[in-house]
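Asks: Could you have a look at this structure, given as structure tokens, before my questions?
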Amino acid sequence: MPRRLTGFTPSGHLHLGNYLGAMRPIIDGQATGDTVVFISDLHALTLDHDPREVRDRTLEFATLLLAAGLDPDACLFMVQSHVPEHAELHYLLECVTGYGEAQRMIQFKEKSRRQEQVRMSLLTYPILMAADILLYDTAEVPVGDDQRQHVELARDLAVRFNGRYGETFTVPRTVNPPVAARVMDLSAPKEKMSKSTSAAAGALRLLDEPAHLRRKIMRAVTDAGTTVTYDPDQSPGVANLLDILAGCTGAQPGALAAGFDRYGDLKHAVADAVVETLAPIQRRYVELAADPDHVRDVLRTGARKARAIAADKVRRTEAAIGLLPA
Ligand code: AQP
């Protein structure tokens, strides 16, 4: 099984999109796959941030991943900053990246437009992401369209480095996340549900109380029509609700549409399914959160395992690029 890697950036609250699109597929595949999962805390520093928030969210994300069923014995699971080799390889890869290449990244252009003070790390963030990927000889990176260009950069850097300095990195490729993996914002269904940009009403947070989840779903934007049909272009709000129901139940969204006459009935069914899907995770989260030392131990063990692999890769990269071994 090719090695797969996924990072979760502690830039807000984990939501149902993160769960259906990323967490659940990882957990379902962890027994058979060669899986790397990490909390990408360094990436959370590329935009204006609150230090305490990042620290607290990092532990919360780790606890939630374990609560959802991530098995730290079956995969490599750690916090990015606990493995300093990520930052070391980042620098070495900067030395094979062109300035124009980094500036061309669409996400940089979009995010920098929204900032008064653009951090240098926002420009170099895709190179750090390339380091995350190449450090572990990752073969496959499941990402949505917005991250595809960054994985392409990682590919280009791997090919360029291997060509100039000798075979060092596995060349990664993107793979599509599962069907209906993109959960949209409940109040703005043309935008994706997002940790950092969705308003609280638009995102179903994994730790929202059941009553709160229900309220958000009942208030979700639909459209002026009355019949329930699955049409993401004409009726994105209704399609999103059907996608969420499909994601929670395993049925097909088109087939589900036929079972509802009114939007209200669909919303009630979605609310039941979401609350039921998240209930066991929320219960387990409460148990695990009562013992943060255990979670931190898991992360320390994960970082030790990751460093054993990452340190070797950095040593080989340094030797290839021309650095004198200490
Ligand atoms: N709305 C979504 N639907 C399905 N999958 C999603 N993911 C994110 N949003 C959705 C997937 O979750 C994983 C972790 O994402 P991330 O931490 O890298 O954040 P992101 O992709 O940049 O998206 P977010 O959660 O909206 O965060 P912000 O607001 O900080 O950008 C990834 O596998 C991602 O595809």
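Every residue, even glycine, has its Cβ placed from backbone N, Cα and C.
Note that this is a predicted model, so its numbers are computed, not measured.
Copied straight from TrEMBL:
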type	residues	note
BINDING	T9, P10, S11, G17, N18, G144, D145, D146, V183, K192, M193, S194, K195, S196	ATP binding site
MOTIF	10-18	motif ''HIGH' region'
BINDING	D132	L-tryptophan binding site
MOTIF	192-196	motif ''KMSKS' region'
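Please go over these features one by one and say how buried each is and what sits next to it.
Replies: Around the Cβ of M193 (ATP binding site), the same chain contributes H15, L16, G17, V183, M184, D185, L186, G202, A203, L204, each under 8 angstroms and 6 or more positions distant in sequence.
Per-residue pLDDT, averaged across the motif ''HIGH' region' (10-18), gives 95.
Cβ neighbour count for D132 (L-tryptophan binding site) (all protein chains, 10 Å cutoff from its Cβ): 26. In the three-state DSSP reading, D132 (L-tryptophan binding site) counts as helix.
Sequence-distant contacts of the motif ''KMSKS' region' (192-196) (same chain, six or more residues past either end, CB-CB distance under 8 Å): 9, 11-18, 47, 144, 146, 182-186, 202-204.
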Asks: Do you know which of the binding-site residues N18, D132, D145 end up with C-beta under 6 Å from ligand 1?
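Replies: Cβ < 6 Å from ligand 1, in sequence order: N18.
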Asks: Where DSSP helix means H, G or I and strand means E or B, what are the helix, strand and coil counts for the motif ''KMSKS' region' (192-196)?
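Replies: The composition, in the requested order, is 0 helix, 1 strand, 4 coil.
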Asks: Roughly how many angstrom lie between the C-alpha atoms of T9 (ATP binding site) and D132 (L-tryptophan binding site)?
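Replies: Spelling it out, the Cα of T9 (ATP binding site) and the Cα of D132 (L-tryptophan binding site) are 13 Å apart.
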